[in-house]
Amino acid sequence: MVQKLSRRLFLSIGTAFTVVVGSQLLSSCGQSPDAPIADTPGEQQEINLYSSRHYNTDNELYAKFTAETGIKVNLIEGKADELLERIKSEGANSPADVLLTVDLARLWRAEEDGIFQPVQSEILETNVPEYLRSPDGMWFGFTKRARVIMYNKGKVKPEELSTYEELADPKWKGRVIIRSSSNEYNQSLVASLVVADGEESTLAWAKGFVSNFAREPQGNDTAQIEAVSSGEADLTLANTYYMGRLLESEDPAQKAIAENVGVFFPNQEGRGTHVNVSGVGVVKTAPNREGAVKFIEFLVSEPAQAFLAQNNYEYPVLAGVPLNKSVASFGEFKSDTTSLDKLGPALAPATKIMNEAGWK
């Protein structure tokens, strides 16, 4: 069972947390994170999940978790930054058990702000590759997405493409589009360049890359793919699952957009293609720590990984899980296995570089 709690309902949280959901009272916030979980007969366990992901497939997955464990999921949705600020403002009495969000940048900020507590779990350490999780067990990636070059098949040949760095070449002038520098996916990508190439080289790259823009940054990844498909530009950088959605759409027009666009994995002869994650961690003041850990372990289990791969067009973190057929059609690729935790300190210089280069 997934109980979605409205944003307005939580705005009145003060030093104590009491909220009625239907006929149930949630009043476990005073419990220590390490305290044992009550096992009163007939009393259903529950966790409060703060999530910035807004996919219907996720709700189905949470219902599967409840069916398997008996633990109800109270879902509180919001934008990532809003949820981070809410948890901080709620302080020691925060009802949040789990914070789930997209992108390294948000996970890093949450860890830096002291929102997470460490988790030791053999399941998590086995199922999640080391480079996709915090070395201290603060957060764990549970799905991957690759940030790839997507190109108009009629205007660009794949053999013309090679690396992220090469996109600063003047031959691409007026041919490139991308979303805003305020987007966390782009910030994490540039952070990966800072780690790989250094700040000075990345600044030079960013200036060249920006000079190749066909228009000012606007729209999300889908908007970039649509513009490339229509011929407004020749190529973009976008996350793979956006293309998966278009290819799997029941709308013929959406499929047609995708069919005009090719997917190219950059840097295959070197460090590999940049990958990012949706990630999750146990909140420091979690009333139900045990239930929170069970939830995260469930997310990286084989059935959950298969469900996410097939229905949300993401790459699983668990090895051996079959991909959605449309995602599999992109081909196999080499991932950049630089620890995402190492990219965290590079986010601030990456943002500065993007601003200095004029990336709006």
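Each residue, glycine too, has its Cβ placed from N, Cα and C.
What you see is a predicted model, and the numbers here were worked out from it, not measured in a lab.
Database features, via Swiss-Prot:
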SIGNAL    1-28  signal peptide
LIPID     C29  S-diacylglycerol cysteine
LIPID     C29  N-palmitoyl cysteine
BINDING   H54, Y55, Y185, Y241, Y242  Fe cation binding site
*asked:* Using a Cβ cut-off under 8 Å and a sequence separation of 6 or more, which residues in the same chain sit near Y55 (Fe cation binding site)?
replied: N312
*So for Y185 (Fe cation binding site), how many other CB atoms are inside 10 Å of its CB?*
22
*Which residues in the same chain, at least 6 apart in sequence, have a Cβ under 8 Å from the Cβ of H54 (Fe cation binding site)?*
E77
